[in-house]
Structures are given as C-alpha cells and as structure tokens.
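Visitor: First the structure, which I've put down as structure tokens, then a few questions once you've had a look.
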Amino acid sequence: MPNKKKEKIKSKNFSAKKTKEQPKKKNSESAGALVSEKSKKSWNVLRGMHDILPREEKYWKVLYHTAEDLAETFQFGRIDTPILEEANMFIRSIGKGTDIVDKEMYIFDDQDGTKICLRPEATPSVARAFIVNGMLNYPQPVKMWYWGPMFRHDRPQAGRYRQFHQVGFETIGVMEPAVDAELILLAYNFYKDLGIPVEIHVNSIGLLEERDRFKTELTNYYRTKRSCLCEDCRHRLTKNPLRLLDCKEDQCQPIKDEAPQIIDWLSENSKNYFMKVLEYLDELEIPYILRPTLVRGLDYYTHTVFEVYPAAVSIENECEQENSQNSSGNQNAQSALGGGGRYDLLIEDMGGRPTSAAGFALGVDRAVILMKQMAETGQIKIPRREYDVFFAQLGDRAKARAFRMIDTLRHTGISIGFNFYKNSLKSQLELANDLKVPYTLILGQKEVQEGTIIIRDMESGIQEIVDQKKLESAIKRKLKKFDVSVK
RNA sequence: GUGGCCAUAGUUCAACGGUAGAACAGCGGGUUGUGGUCCCGCUAGCGAGGGUUCAACUCCCUCUGGUCACCCCA
C-alpha cells in the first residue's frame, strides 16, 4: 500500500514538474520583457489598503442602501466631492497639532507644484463645496450626504485602514438643537436599521472661548499634579489638554476624577442649547451616555459632539460600576463606529460667510466587520439575491436556444439563474440547488426539437413538460410572487 | 509614529533541521439527460531576500504584510 502511494506521488511530481516548467521556458523565451524573470515578483497590496471582494459585496450593498434610504427619508441630497483637494484646506480646517494633519495626510506635489492631498475626511470638502457653489442662496438648511473613500496614513489594524470608507451627513445653515438631534437620530437609526445595537456618547464643548477658558483651567489644574502624571499625559498637557480626560492609565485616574468638567465652564446659552438637544434625544428614546470627557480631535467642532459605539461595549472609564468582568471584552481602539458634531466656525474659517453647521461621519469598513461577525453568529441576516428559476441546458442547440430564451424573459420580472459554462445536467442542478431556486427549467435536444421545455419542481422533483411559448405564463402561475390572481 | 505577537493550499489549521498533511471550498467522476446525502479522484502552499548548515518551511537577520496595545481616529 505505502509503496503504491509513493509511486503515485512520484509520478505525480514528475508530471507536475514537466507541465510547470514548460510554460516557464516558453514564456521567458518568447514573450520578452513582459513575462521576464523579474516580473515574476508577486505584488502585495499597499500597506493598509485592501480589496473588497465580491463575496463581501452584500454587506456593502446593505450598508449603502440603508444610508441611501435614510438620506432620502430625511431629505438629504447626495454630494460627491473630489478625492483630491488642496492640502492646505485640510491643514487649516482640521488644524495643526491633530494627528490627521501632523502625520496622517497623503500629500503630493501636483504637476504645477500645488500641494494636493488625498482627502482624510470629507467635511471640509463639503464646506468648501457649500461656499464655492453659493449654497448660502439655497433654502436653508442645506442637507447633504456623501459616501466614499478617505485616506489616512495611519498604522493599520483591523478596522483601521489607510484607505477606508465613510458615509456622512451634513446639515449646513441652521443653528437649532433639532438639527443636532436629527443628526444623532440619523446615526442611531443607521445602525438600528442594520440590526446593530449601538449607544451614543454625547457631550458639549461649547464655544471656542468657553473651551479655551476651560482648557487653561484644566491645564492649570494638571500642572500642579504634573509629577504624578503618566508620560502620555505630560505630553497631552502641552499638546492636547482636552485629551487628558481620556487617559486610561491607573495613576491618572484620581487626578482625572477631581479635574474640572467642561460643562461647568459653558455659558448659560451653551448649556441650554445642549439641554434642548438632550431633551430631543430623550423624546426620541435614543440610548445616549453623557460623557463629559468626550472631545473630538478636530479643531472645528463647537457645542454638541457625539460618538457611536457598539452597544455591548462601553467605555470602562465612564462605567462606575465595578463590573470587573470584561465579558464583552471588545473594548479596543477601533470600536468607535462613527462620530460628529456641530461645527459653527468651519465655514467662516474657510472663507465663507459665518454659517452654522453640523454633521457626522460613520466608518463603513468597521460596520462591515461588525456585520460579518454578526452574520456569522446568526445575529443578523443578510438578504441575498433570490432567483425564481434556474435554466439548465444540454447540448449546443439547447444552449443557443436557452441563451435567447433567457434574454427574452429578462423583462418579464422572472429572475433566472444560469451557467453556460457547465454542460452536465448534474452540475447545473447543483448550481440550481445552491441558488435555492424553487424551479429549474431543463432544455435538451429533445425539447428543442419538440418546442417544449421541462419545469422541475426542486422540492418534490416532479417535472412538467410545457410548450415553450407558454413558458412565461406557466412559471408565473407557479411562483408566489406573481400571485396577483385578483380575480 | 511607539512597543509586542504572527506569517504553511482559496479558507481554517497541523507536522518536521532531511519527501509538507487534514478539513472545508473549487474542479471532475460514481456509465451516456437529473440536485440536496454518500463515496472516489484531482487541483492548490512554506510572504520576499539574505545568512548559519552537508541539508532550512523549521535557526538568525532584513524587508513586506497582518494583528494587538498605545497614540489617535472612522
């Protein structure tokens, strides 16, 4: 026995070698540079980039349709801005000192020397479009949504890519708590419609002056405790004081607990504005968590800011319950699904008239990852394309005829699965089975001659021979979806 | 950007300093025109480049990519 096996393997190897080596020689001799030895190098995707494959398309499709549907019901118009923009536009609006600007932008020299970049996000682009296209003359507010790739040269991780996709909604031109609430509702509904439970973290960072006053207060407070701080926090103290409140180091916790809170530094107006937003959220029964330490990284935010997280996962720091069991355990850096807020200063800052605005962006890739997980564990179901019938053909004449018949039936509302590259009936029925069609049409030489076709009930296996001319009506009679037999 | 871990077939995983295995997927069969189950066969791989060694998928280095934490963010 083992001997036989060895022999087999041997001969297999020989034949494999032959077939493998032959084409190599041919190629390198005859095909020239195109298939030279050098070009045998295999190409990797660029770091942090990834292919979105056909088998993942279903998730993207569901996500897109959900967003589109929400956009339409909430009357957001679609805007598509270029992927390439002037680098300075983002540097100015997002702000120096932020990671996005300082280390994550893809910046190039254009042919004429202009510094251009791959957009790291789309809000400044939308604001630019608002200004450039004179949208201040549109009925206000102007509500727009977008969907597309963004680029940040970050260190990749699961759910963090250098090219990633965001879907975003912006409402420009009105300063109204209802705007903020509507946007939060939209973000919340997006995941709700997808069957992904989320929670919303909200906070207000008030006006620029209020925030600045708070910042100096916070810095003063922290300076006195400088020696007790972790290394990161010492850094934050000068670089990004608001982030001090986000520190996860144990040694900083007691200091954090005593630290001043931004809410206390907001003016009455700002506080009232925020309260009204929260009232709407209560009314809408959106599960939100007030997170006084929530600040957003980008310079242009004012007043309401919010972030979206998967519901099971909550920020440990904020949970004062001492549930040490971290059963969900998913609290990682990539758990934020989206975020946004009000940015009343951006448009003016970009050269437009002073214009209130608010918006948010959601990470599509992260939603895809979540959906995949949930689909695998059966928590959600992703609908797949359903075919009414499968068309199986046998023989050349039948194939040609089938081709034609399928093309004719295209506009009848009957969806047909088929595969003209498989010739055996067996393999075609296997495909029919995979597609879970209720019926398979079988057309062979005999049927072509007789002008008939077989309709096979896939469940019972019962077959019926019908005239080709009556095929459409015969199928429709069988299919429930055409059961409009309203006498 | 900082630190850690990882890299074997399309996928999930084995094994071994000396011939790389399995499962699933894919393809083809189980008599010529009948699927879901079952049986059989085939296809397909050591991320790249150096070094150590008689011999490296295995040890070392570099690169590349992934991943985790941090930074930060979507």
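Backbone N, Cα and C atoms are what each Cβ position is placed from, and that goes for glycine too.
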Visitor: Among A:R78, A:R152, A:R213, which residue does TrEMBL annotate as binding L-histidine at the site that also has A:E121, A:A122, A:T123, A:Q166, A:E170, A:R296, A:Y300, A:Y301?
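Guide: Of the residues offered, the record points to A:R152.
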Visitor: Counting every protein chain present, what is the number of Cβ atoms, excluding its own, within 10 Å of the Cβ of A:T123 (L-histidine binding site)?
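Guide: Result for A:T123 (L-histidine binding site): 25 other Cβ atoms within 10 Å.
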Visitor: Show which residues of the chain containing A:Q166 (L-histidine binding site), separated from it by at least 6 in sequence, have their CB under 8 Å from its CB.
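Guide: Looking at Cβ-Cβ distances below 8 Å from A:Q166 (L-histidine binding site), excluding near sequence neighbours, one finds A:E121, A:A122, A:Y146, A:W147, A:G148, A:M150, A:A361, A:L362, A:G363, A:V364.
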Visitor: Hey, does DSSP put A:T123 (L-histidine binding site) in a helix, a strand, or just coil?
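Guide: In the DSSP reduction, A:T123 (L-histidine binding site) maps to helix.
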